[in-house]
Amino acid sequence: MAAANAPITMREALTAFSWIFASQLPSLGINPQFITFTHVTMESEKYICVRETSPQNSVVIIDMNMPMQPLRRPITADSALMNPNSRILALKAQVPGTTQDHLQIFNIEMKAKIKSHQMPEQVVFWKWITPKMLGLVTQTSVFHWSIEGDSEPVKMFDRTANLTNNQIINYRCDPSEKWLVLIGIAPGSPERPQLVKGNMQLYSVDQQRSQALEAHAASFASFKVAGNENPSILICFASKTHNAGQITSKLHVIELGAQPGKPGFAKKQADLFFPPDFADDFPVSMQISQKYSLIYVITKLGLLFVYDLETAAAVYRNRISPDPIFLSSEASSIGGFYAINRRGQVLLATVNEATLVPFVSGQLNNLELAVNLAKRGNLPGAENLVVQRFQELFSQTKYKEAAELAAESPQGILRTPETVAKFQAATYPISFNFYCPLIVPVQAGQTPPLLQYFGTLLTKGKLNAFESLELSRLVVNQNKKNLLENWLAEDKLECSEELGDLVKTVDNDLALKIYIKARATPKVVAAFAERREFDKILIYSKQVGYTPDYLFLLQTILRSDPQGAVNFALMMSQMEGGCPVDYNTITDLFLQRNMIREATAFLLDVLKPNLPEHAFLQTKVLEINLVTYPNVADAILANGMFSHYDRPRIAQLCEKAGLYMRALQHYSELPDIKRVIVNTHAIEPQALVEFFGTLSKEWALECMKDLLLVNLRGNLQIIVQVAKEYFEQLGLDACIKLFEQFRSYEGLYFFLGSYLSSSEDPEIHFKYIEAAAKTGQIKEVERVTRESNFYDPEKTKNFLMEAKLPDARPLINVCDRHGFVPDLTHYLYTNNMLRYIEGYVQKVNPGNAPLVVGQLLDDECPEDFIKGLILSVRSLLPVEPLVEQCEKRNRLRLLTQFLEHLVSEGSQDVHVHNALGKIIIDSNNNPEHFLTTNPYYDSRVVGKYCEKRDPTLAVVAYRRGQCDAELINVTNKNSLFKLQARYVVERMDADLWAKVLEPENEYRRQLIDQVVSTALPESKSPEQVSAAVKAFMTADLPHELIELLEKIVLQNSAFSGNFNLQNLLILTAIKADPSRVMDYINRLDNFDGPAVGEVAVEAQLYEEAFAIFKKFNLNVQAVNVLLDNIQSIERAVEFAFRVEEDAVWSQVAKAQLREGLVSDAIESFIRADDATQFLDVIRAAEDADVYHDLVKYLLMVRQKVKEPKVDSELIYAYAKIDRLSDIEEFILMPNVANLQNVGDRLYDAALYEAAKIIFAFISNWAKLASTLVKLKQFQGAVDAARKANNSKTWKEVCFACVDAEEFRLAQICGLNIIVQVDDLEEVSDYYQNRGCFNELISLMESGLGLERAHMGIFTELGVLYARYRPEKLMEHIKLFSTRLNIPKLIRVCDEQQHWKELTYLYIQYDEFDNAATTIMNHSPDAWDHMQFKDVAVKVANVELYYKAVHFYLQEHPDLINDLLNVLALRVDHTRVVDILRKAGHLHIIKPYMVAVQSNNVAAVNEALNEIYVEEEDYERLRESVDMHDNFDQIGLAQKLEKHELLEMRRIAAYIYKKAGRWKQSIALSKKDNLYKDAMETCSQSGDRELSEELLVYFIEQGKKECFASCLFVCYDLIRPDVAFELSWMNNMIDFAFPYLLQFIREYTGKVDELIKDKIESQNEVKAKEKEEKEMVAQQNMYAQLLPLALPAPPVPGMGGVGGGFAPPPPMGGMGMPPMPPFGMPPPMGTY
């Protein structure tokens, strides 16, 4: 079959099924190893989901709408499914350590988990069966799990026995979810195991029953059977079985759940034909296109079978993929499917609608199927068949069948007026008129053909416009309007304007609906106008973008419904694009009818945006309301919605209307404001105050002055309020000056009173006090002076004193708060206001009574008044300042009575007792008794008072109050050291001792002498002695301390046996005099031996320390001194033998160990029975290599501790001394040794026999294998490696076997290594580096048969073949091309110069440019013509096309046309021709140029013309010139006009004619007597002169017949007078007579047309005049209807009056019938 007629062309998409390589998964970053059935899922045409496990666990989601933007998420799961419709991801993962699966569902867009569930058993397969339901298949059962709600999976059915041990590959349900099918595959029968067996379980939900069948693929479909309104549920399944040596492949289509009493679907089946090469292939998937009712069966090896769903007839078969297909999914939106193969290609199959029907009808010769496919899928290609069938049915009077065929005709080819006319003719055979049909009665029981046709159309779907009109005309004529309403409600009719016009005659409402659906806008607007539904006109006009005459509509509404007119106007104002009528025009319409309120309402609404261009309208609405309704205007202004109106004009109107406040707000000149503002009687005060806030400072002050001048009393309150509100703007000083200018202290008082609380200005507070005082506001003066903190106290005090107010409380407040109490007292005393003095002291501030008393004393007030004043206050009086005031004036005795009175009342006030004590000391009234017995006085105060009077009294006072510093100072100053020593010893205060014993104290020696000689001997308190001793130690006085302690401890005192003092004596001696230490140790017994011994060690008195420890039997500490300090191991050993203590021996052992005496140390540890230091002993023994001793020690340690380290070291020690039998015996006994570590250690130490025992015992096969390799025991190493089964071990054993030339064992190991991709190259390099090429090839060849064989093995074997066995390379590449790493093998083949194989690899890898280059560069080895053609059309570099042309021209010129035909659509033909022209072989490519000449390329045309001229092939030349004009025409004509052949010269004339060179063409034709050509040239030239010259030429030549012919051919060019003159003069009238007849007929016809046009023009002028008269009359009618205030619309062409109104055009001019201005019919419905 030729390529152009092939039913399937993969490349050009000209077949019934177009294949599009949608994408390749590897190009999106998907690793090819994960492109498998278990890793890739595709639940619908929207998403592909890929699960990756390396380099990290992740899930890749590919949106088919955006395939180049995959979504990659780090997710660990065993399976992942994307929802068919939405971005919902389902995940499945096995719970570790169990066989249970954990299921989760996530919403990716919302990033939220929808639900999860843990299945009690493993889910072996799952799938989205609907967008809301997951199907879960376990080993035994099938479950459904809804994603809605919180429901758990619901069990649907158990798996049948035929699916046992099957791999489940699909699970589906029908659309109603009543039928379920489960599909699995299993290994084939023993006689043909390579043919996989398919099993299917069909389950009915309603019947709860299952049926087991054999099938590989299945799917559900719905199909509507003729005569049954409900679709039938079908199941389609494909099977391939092997029975008795025969293979049977079938497709079955069966109806499920047949509907009783309804036509059913007959069971269908068809054969699946598998070519011999695909004998073991089997179906893996089935998809059904509901759009085209086709069944797609896809096999594993890439075959596609297409069958018709209704008949099961085969439609198409082809191989769609060279790689196995493992997954497919329906593409429901386009009626195709997606498929994914092992290479990662995502293939999309669609129906080629243009070629499907022709292919079925032409190639398959199945006309019935072609028609059915065309009808079901609305496909082209069956038009002739359908029309022919329709004619046959119609001729056979099978009108019903014909009607059904027409209704279902593909693309509606029979839904035409001609078809309707045929049925009309069949219905009304005598005559037919659309408006008055002549009904011919039909026979009883028969339906007229036309009604059958329309009935069929209504049943099948919707009628088109023409059919709807014709059917409606019949219904209207029969007055069956209800049928129309039903059909419109069911959307069975296509609405049109003509249909609306027809229905309008019977029902206006129904007609309006039709107009709206038909978008007949003028008719809709006219209908709404008739119904007075003007608001709907706006809504509808906006929806459809129509513009009616709004002004006319508004005028009409205004006459009958003013409020409706307002609403209509507002609706117009809200239209998009602005109001169609000017706002001012609308306003004038309202005002001319005195509709002030309506006009206001309209303007207020439309002026809400407050735009500058609306300034005139804003002014207008305010004007009309200020004149008529001032309150409305006031409300508008108060709302503040306007800001662009004429403010001065509005201000004047407001003033006239008495709206003074509004006038003030709008005036902008000060005189106007001052004129209006004095009308305070008519202005709300608060508004006036707010107005002042809008004025400038100067204007506001001016207005305030005017108000005060006009009416000071009346306007004072307003002025005060203004000043309060705006003092910040006006200035505080300006306001104060204003009030002071008018001497309005009252105003100043009220103004400052509001500001006072927020002011901190002293002047403001003073002025307020002054104003309050002058206005008699004494209480306010008293309050401010009491509460304010900001007035100037001095100034205020002076003012109040000068004012001499009758009430002294303000002055008292000022003086009391600001410390003017003496001045106050003096003022009150001198003004004889003693009552206020008493009140101040007693009630206001008793605390200031001392100051009052002091001032009264200064003013020489009588003592009786002062005493009475003091006694009246009593306890409230502060004693200290009072005593100070009296003491300062030497009048302290004045307080004796007062103080004694307080003491008698039980006062414990320290100041009272201090004062009383001072009085007693001064009077010398037994002061010692008071100082020792009174507990309340202050010792420091009284002691200080006594120092100059009697120091001993001061010591008494200080001792009583423990005033250390004061007592020390007074005793030092007065040499009272005995008293000081006694006090210091008694105090026992460390800080006091530190102070008196510090070196800087010049009296320290005197004090120490008194302490030693007097204070301590007198003391009987141990605490006092201890404190003193501690103080001496702290002061670092060791010698003094030793003398003191020897005196106390060694001289039989009360403290001789004191434990602490003995310790202290020894320790002090250690520090100050070590020579005395040994004597003290021998003489003293009651001291702390361990502690003192440690101190002696620290002081390096080692022998003394050893004596102490030995004296107290502290043997361990003693031996440590010998070992650590004296460093004598011999004395230590001797001491250890003497005391025989384990602890001592242990310390000796540790010391020996430190000194490197390992054997001695081990013996000492054994004597000490000490196992604690086993780690150090082990380390030391290993360093000293004394493993025999170590074994004895470890055996002792093992009896005490159970440590892995001990047991491990014991094993190692056995190994070191070669006691292998002891190792075997030991490891069989209970132990805690870390055998793994021991084994590794032995291995590292090359103790391989011992390591072998350990590794064999613990089953560490990897290490055992390594050990056996070291021992050269290779067979055992292989066995151990097999048990270890890890890559590292296999490699180690393998490499060792290779080195030992044990190639059989090496191959066993190698097969287990090369299945790992990462290790393959290492193994290969190891073999090759050692020259073992044949062995390596044998290893790789054996690896091909492994189950886990991967791409690397096939690639590496190819590399080896290329290098060492090139004869096997091509066979290997062809067999395993899909499993090779082609880029790697390409590099190797290029290096090894295997050009044929390299070409093949380039082709397989789609690198066609490189393939073509390789073929041309190495043609002896690589060239094959058919292969090169296939490669050439696929190259991307266009330069290779021309390189290929050169290549073929040089090496294969006989095949160059074949190559060029393939490249014809890709090459530049001009360049190809130039190449061949330069080479001188243009004739070679003549077939190619003929084939491409249709492109009209100049170079090709000229080359072919050149060849045709050379070959004298004038027929081909004429055809070429005619059909292809892109060449040098004049050059060719000049070349041909001198040719010897007549036909060639004729072609030259023809070329001249085409080029417009008429004279040259005619001359050449005349020269060759080609008169016909000459006449035709003249006619085409349009040149009168040439035509007449040719006439003259014929007359001259006597060619009368040619003369007559020329008149006919050139009729339009020849002038009649010239023709008749020449014929008459040359006696050729007869030959010119036909021309004369034609001329007369033409001109009479033209005259008739002119007369007709003139008559029609006159009629049009009359009709236009009549129309203008009617328009004028209509306008006059409008003028009569309008009120007098509104001028009539102007006549067209004349200027308008009063606002420029334009006359409304007649509604008919807008596509509507003329509408009467009034008297309209009432509404007849709603829109």
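Cβ from N, Cα, C; glycine included.
No curator has checked TrEMBL annotations; they are predicted automatically.
As annotated in TrEMBL, coiled coil covers the listed stretch 1640-1667 rather than the other ranges in 184-211, 772-799, 1640-1667. Taken together, the residues in the repeat 'CHCR' (870-1009) have a mean pLDDT of 81 on the 0 to 100 scale. Remote same-chain partners of the domain 'Clathrin heavy chain linker core motif' (353-376), defined as residues 6 or more beyond its termini with a Cβ less than 8 Å from a stretch Cβ, comprise 7, 14-16, 292-293, 308, 310-311, 313-316, 382, 385-386, 389, 408-410.
The list of residues near the coiled coil (1640-1667) in space but at least 6 beyond its ends in sequence, with Cβ under 8 angstroms from a Cβ of it, is empty. As a summary of secondary structure, the repeat 'CHCR' (1165-1306) carries 108 helix, 0 strand, 34 coil according to DSSP. Per DSSP, the secondary structure of the domain 'Clathrin heavy chain linker core motif' (353-376) breaks down as 17 helix, 0 strand, 7 coil.
Taking DSSP states H, G and I as helix and E and B as strand, the repeat 'CHCR' (1016-1161) has 112 helix, 0 strand, 34 coil.
Sorting each residue of the repeat 'CHCR' (1460-1603) by its DSSP state yields 113 helix, 0 strand, 31 coil.
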